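Annotation source TrEMBL lists transmembrane segment at 29-52, 100-119, 188-208, 220-241. What TrEMBL records for 69-238 is domain 'Phosphatidic acid phosphatase type 2/haloperoxidase'.
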Amino acid sequence: MFPKPSMDDSAPLASLSLTHVYYDPSDPVSYLCAWLALVPQALCIVYATLIWSSREAEVALMFAGQLACEAANFALKRLIKEERPAHRAALSHKGYGMPSSHAQFVAFWAVALALFLLARHKPRPFAHRSAAAAVANGNGNGAAAGSGRRAAATTASIVGRAPQQLLLQAGLDAYLDPEAYAHRPWSFLERALASLAAFVLAALVAWSRTYLGYHTTKQVLVGAAAGTACALAWFAATAVARRAGLLSWALDLPVARWFRMRDLVVEEDLCHAGWEKWEDKKIAMQEKKAK
């Protein structure tokens, strides 16, 4: 049905270079850098998965900014027209080297994520309604009984301890208790540590481009600066869009409603919200069986 390619065809072949990375097989660090070169592709998969599974406007906006940053890199490379290091050019690697697209990509991602976690995300703790009401009313269901047993055990275990020990024990019990209904969102320190981890990963990806010889240090630094500038500009633009009501207007459009787009992650923990809905359903079924 389809013509078979000729084995002696002398036509030149091209390589799909999206995931094509040259590295030194005898160097373990070079091998690690080759995997780091695939981080942007992995992040694109994460973006697409989160958008489809959560339908969150904030995630979609961040991905749109990421694509705009890539478009800016495409334009800058063709405006500056600086070649890659000579030994890479000898391998017939297509494309200009200034600025580094990998460095620009991960810099945008790390800065945008940090800005969301530290400046825009305002998590609020929510107590589970059904279980909290059950405990307050003192009914005989398993959740209330379990809470009572845990409270009694905790009270007995902390008698005679110093105030500092009491605070430490209370905090540890609240953190480790898997049945605790008062959800504890990430603290500012935890969000700062997550942001730091993103910056470390971005720095490793950017450094790997110089180690593999795909870019000069200058090209990587300019790429990181361009990605940072794009992230700051995009954060400011989306903040203005939120204040002006443009995001709310866009989410009311038929296409956004058809895709069930929403804007909850700024203040709500989506994992806890879904768990709470399931817990309400479970408690309702238990009450129905008890009648």
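Glycine too: its Cβ is placed from the backbone N, Cα and C atoms.
Just so you know, TrEMBL annotations never went through curation; they're auto-generated.
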Spatial neighbours of the transmembrane segment (188-208) far in sequence, C-beta under 8 Å, 6+ residues away: 32-33, 36-37, 39-40, 100, 102-103, 106-107, 109-110, 113-114, 117-118, 121, 220, 223-224
Sequence-remote partners of the transmembrane segment (29-52) [C-beta within less than 8 Å, at least six residues beyond its ends]: 18-19, 21, 23, 59-60, 62-63, 66, 101-102, 105-106, 109, 201, 204-205, 208-209, 211-212
Taken over the domain 'Phosphatidic acid phosphatase type 2/haloperoxidase' (69-238), the model's mean pLDDT: 75
